[in-house]
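Student: Pasting the relevant annotations from TrEMBL:
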type	residues	note
DOMAIN	A:147-376	domain 'ABC transmembrane type-2'
TRANSMEM	A:26-46	transmembrane segment
TRANSMEM	A:185-206	transmembrane segment
TRANSMEM	A:233-255	transmembrane segment
TRANSMEM	A:261-285	transmembrane segment
TRANSMEM	A:297-315	transmembrane segment
TRANSMEM	A:351-371	transmembrane segment
Amino acid sequence: MSRYFSLGRLIALLAKEVIQMRRDRITFAMMLGIPLIQLVLFGFAINSDPKGLPAALVAPTQDRYTRAMVTALELTGYYRFTHPAASAAEAEALITRGDVAFVVTVPSDFGRRVARGDHPQILIEADATDPSVASGAISTLGTVAAEALLRESGGEAAAAEASAAGIEVVVHERYNPEGITQYNIVPGLLGVILQMTMVMMTSMALTREIERGTMENLLSMPATPLEIMLGKVLPYLGVGAVQVTVVLVAAKLIFDVPFVGALPLLLLGVFVFVAALVILGYLISTASRTQMQAMQLTFFFFLPSLLLSGFMFPYRGMPEWAQVLGEIFPLTHFLRLIRAVMLKGADHAGVAQPMAALVLFVLGLSALALMRFRRTLD
Amino acid sequence: MNGEAAIEVRGLTKRYGGRAVVDDVSLTVRKGEIAGFLGPNGSGKTTTIRLMCGLLTPDAGEGHVLGHDIRRAGRAIKREVGYMTQRFSFYEDLTIEENLNFVAGLYGLRPARKHVADTLAGLGLTARRHQLAGALSGGWKQRLALAACIMHAPKLLMLDEPTAGVDPKARREFWDEIHRLAADGLTVLVSTHYMDEAERCHRINYISAGRLVAKGTVAEVVRDAGLTTVVLEGEALAEAARRLRGADGVDQVAPFGATLHVVGRDGASLRASAERVAAETGSRMSAAETSLEDVFIQLMGDAKDTGR
Ligand SMILES: Nc1ncnc2c1ncn2[C@@H]1O[C@H](COP(=O)(O)OP(=O)(O)OP(=O)(O)O)[C@@H](O)[C@H]1O
Ligand SMILES: [Mg+2]
């Protein structure tokens, strides 16, 4: 038996931890329940391509071009004109209150401009506080408008066709100029779910021993810090593996998330990420005295990582200093990795950078945790 | 290195928030000895034990436990010492058997199954081995903890109030076991609040407000205290007690059933006061042996005077 590491001792620690985990029914159920519930909840919220959103129409002159336009918009299924004859002021109030998601303004000279072949304009104001709601409706706009006018001008002169193609749709996404697409979110969700459960569970692991007084006994027996850390961390790595499987399978079966990359590469990335998370959790638990403190520290870490990692807001859209700050979260690198692999089909070389960053996290955090570990009760 | 001493520490000091909880404690425990560790609540017994088994780092002082430096060789100490914590600190959500398996695994006992089975049989818990440790009664938890910490055949046992809450018969058996182990060469340091247990120790150490204030055999400690004790017998003991309190030379007055124990440091004036009160209340006075308890009560009173 070596001085610093013994497989026998590690197995004893692992067996104990697994038994405890299994016996703690609620926690165990939550480890598997949380990811599923979150995925289904968020997944459906994101997946449902919102249709039939209320809209207001501001059109002083209701000529045939205008009517054609409105019909075309309604036919896309995204728009439901609940206020077909609103004044500009009414429309403004409606969108401010959130009663409508869009205000479509067709200027009074629209028909004349179409006829003249002049650049006709319509303005669509979208309430983009929830950008994913607005983006689908807006993305179809250009073609819809062009086709509508083409159809309306029918077999008329080629000039009309040309003018129709030149139609200009001006879109104002209001309140939130950024857009998030669902493909961005679903892989990201895996990272966020893992981060939340893994860090939280592990951060409780050591503090629970301190709180229950079993730490004194554990420390009085010949287990080394490395063995204690592995004994705590490995079982949660296993839980992480189960969570990943659940989320990935569910993402495929329920949401049909596109997956263009290599699965082994993705799993490798996930593994390194989860390792970084559980060790981070362990590090937190070496720094806290009570489970409550551990919980608070976890959330102190969780929220900024959510906001700065690029999960909530586009990473490149953040100010320079925030991007630098974002680099210190494993989640940031994991998001880059998983999006690259799942959506862009990146290969090993393509994700070398985030992968290296994650490996660095694992090594650095392990070293810190082993250093921080108190061999004594001081 | 002293081959005879299992524990030899000098000047051990531990401070919490500037307050010396253990203050310049020097302690020697010989091999094969059963050493008692006594002192009022909060006097620093648990802290001293933790210092000696490497669970706390002393702010000052040094020493050896089983020949290992307490500052540097914590790992070696842990392997050879069995430490039973004051508070039950095995896993309540593990069964009795699982707890023992865990301990056997950590100490690398081979074959683990046999060690665990023997320990279970020794405890008489074989039939209940699948019960959660948390479901055991207080006394059984203590027995389980003791069994678990002697499973790896340590050379030194440090027991922190091992018999708190244990019934008299189990306590008797426990002490018989301790003596049997000591006869086989095991050294035992045991903290306790029970006088009868102190008297079953080869030597005792009394700590008060972090300072070691008395040590030696029971007889030595009693003798060194230099106390005089008399007992009063009679009808009007309550009145006698009232008159004796605060009288010249009287430090302690304690009724024991039909007798009154009167203890004091100044023998001559104690006897004078007692004789006077005995005459006044029609009681009979006689000389008596000073008990260990009298000594401890006296020591506690002294500690209060010096303040904590
Ligand atoms: N971690 C700690 N932080 C601050 N103070 C502490 C700590 N541990 C112990 N103390 C203080 O040190 C003193 C001695 O405590 P200790 O537990 O050693 O006493 P004890 O003799 O074992 O008492 P008891 O007979 O009640 O078990 C107490 O006043 C206690 O409040
Ligand atoms: Mg104590």
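If you go along the chain as it appears here, the first residue is 1 and each next one adds 1.
Even glycines carry a Cβ here, placed using N, Cα and C.
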Student: Might you confirm whether the transmembrane segment (A:297-315) is in contact with the transmembrane segment (A:233-255), defined here as three or more C-beta pairs under 8 A between residues 6 or more apart in sequence?
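Tutor: Contact between the transmembrane segment (A:297-315) and the transmembrane segment (A:233-255): absent, because fewer than 3 Cβ pairs are under 8 Å.
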Student: Would you mind listing the long-range same-chain contacts of the transmembrane segment (A:351-371), meaning Cβ under 8 Å and 6+ residues beyond its ends?
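Tutor: Apart from its flanks, the transmembrane segment (A:351-371) reaches 225-226, 229, 265, 268-269, 272-273, 275-276, 279-280, 282-283, 286, 327, 330, 333-334, 336-337, 340-341.
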Student: Honestly, do the transmembrane segment (A:297-315) and the transmembrane segment (A:185-206) touch, with at least three Cβ pairs under 8 Å and pairs 6 or more apart in sequence?
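Tutor: Between the transmembrane segment (A:185-206) and the transmembrane segment (A:297-315), which are separate recorded stretches, there is contact, as judged by 3 or more close Cβ pairs.
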